[in-house]
């Protein structure tokens with residue numbers, strides 16, 4: 001199958017969910033390229049993230065930049081050592097792939113006339129500067145992938161049509177107020193791998209956004225940011241330096257169904273802090289410094305997956321996971337990981353996991369000092 005055909009398929013398949021639990025051992029499935037279901041998240045058919053298939057019908061334009069491959073309305077110019085955005089790109093192009101080149105700057109007229117562009121891929125270049133009006137012609141752009149570059153700030157004046165922004169692995173230290181202004185259709189931002197600290201988020205930086213998905217992993221956060229969009233369904237803050245979850249840290253995020261806090265330095269989760277997450281289905285707390293199972297898990301009626309492996313947990317109580325007495329859990333667990341903890345698993349009572357679908361969903365053992 002040719003690379004061009006794969007790129008065309010990417011457009012049609014871009015509504016795939018960012019993480020799908022295939023089996024309990026799939027601990028790292030959410031680390032790959034995550035593409036949101038835009039229609040579900042935004043609630044808008046006009047910005048669903050699914051291209052109009054009529055627009056993908058073959059064209060007969062003779063315009064194709066030298067060295068690039070053009071098919072249907074996909075222009076592939078990756079891995080060519082390009083220093084600048086090529087000229088003579090057909091105005092009916094819907095996907096432009098410029099990844100893995102040596103582009104260092106995006107100029108004002110680089111995308112002039114590309115009013116039908118749906119997806120722009122600029123991953124793995126050397127981009128450090130973007131003209132403030134560079135994206136102005138891109139009135140239909142929904143997906144902008146600009147990860148692995150040298151950006152020190154989020155580009156200004158992003159297209160109002162944008163649904164998905166991937167800007168991870170750059171050099172961004174600050175998210176100023178107003179940088180996302182007017183982006184009413186945005187539902188997915190991936191900005192991990194930047195040297196962002198908690199103080200780098202100006203108050204109101206995310207005002208107006210109705211995000212479904214946000215990842216700020218591999219940054220320098222020492223706590224959960226308190227001013228993120230309250231519409232979030234998924235929040236991933238793994239690989240940071242968070243040390244504790246205090247009572248009101250999660251107060252704003254009552255719509256979360258997946259929370260990723262793995263690979264931090266969390267020692268303490270204050271009692272009651274998880275009670276603000278009534279719809280939570282998946283909780284990642286692996287590779288931290290917890291000494292006990294967090295309080296409040298039995299009250300999360302929809303919780304199905306809990307990652308607690310690679311902590312310092314020494315004891316598991318009979319009521320740590322399941323409601324007491326006649327308490328009702330609306331969804332049974334299908335995954336609980338406790339391996340690589342100093343828990344004497346032979347002392348754990350079987351009734352501890354009375355609300356688990358299958359004993360194979362429980363993972364113990366393999367602890368090494």
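Backbone N, Cα and C atoms are what each Cβ position is placed from, and that goes for glycine too.
Note that TrEMBL annotation is computational and uncurated.
Quantities reported herein were computed from a predicted structural model and do not represent experimental measurements.
What TrEMBL says about this protein:
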- 1-16: signal peptide (SIGNAL)
- 63-95: domain 'LRRNT' (DOMAIN)
- 64-70: disulfide bond (DISULFID)
- 68-77: disulfide bond (DISULFID)
- 322-355: disulfide bond (DISULFID)
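Known features from TrEMBL, placed on the structure.
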residue: 64; record: disulfide bond; Cβ within 10 Å: 18
residue: 68; record: disulfide bond; Cβ within 10 Å: 18
residue: 70; record: disulfide bond; Cβ within 10 Å: 19
residue: 77; record: disulfide bond; Cβ within 10 Å: 24
residue: 322; record: disulfide bond; Cβ within 10 Å: 18
residue: 355; record: disulfide bond; Cβ within 10 Å: 17
Number of helical, extended and coil residues in the domain 'LRRNT' (63-95), per DSSP: 0 helix, 7 strand, 26 coil
Euclidean distance between Cα atoms of residue 77 (disulfide bond) and residue 322 (disulfide bond), Å: 54
Across the domain 'LRRNT' (63-95), average pLDDT on the 0 to 100 scale: 95
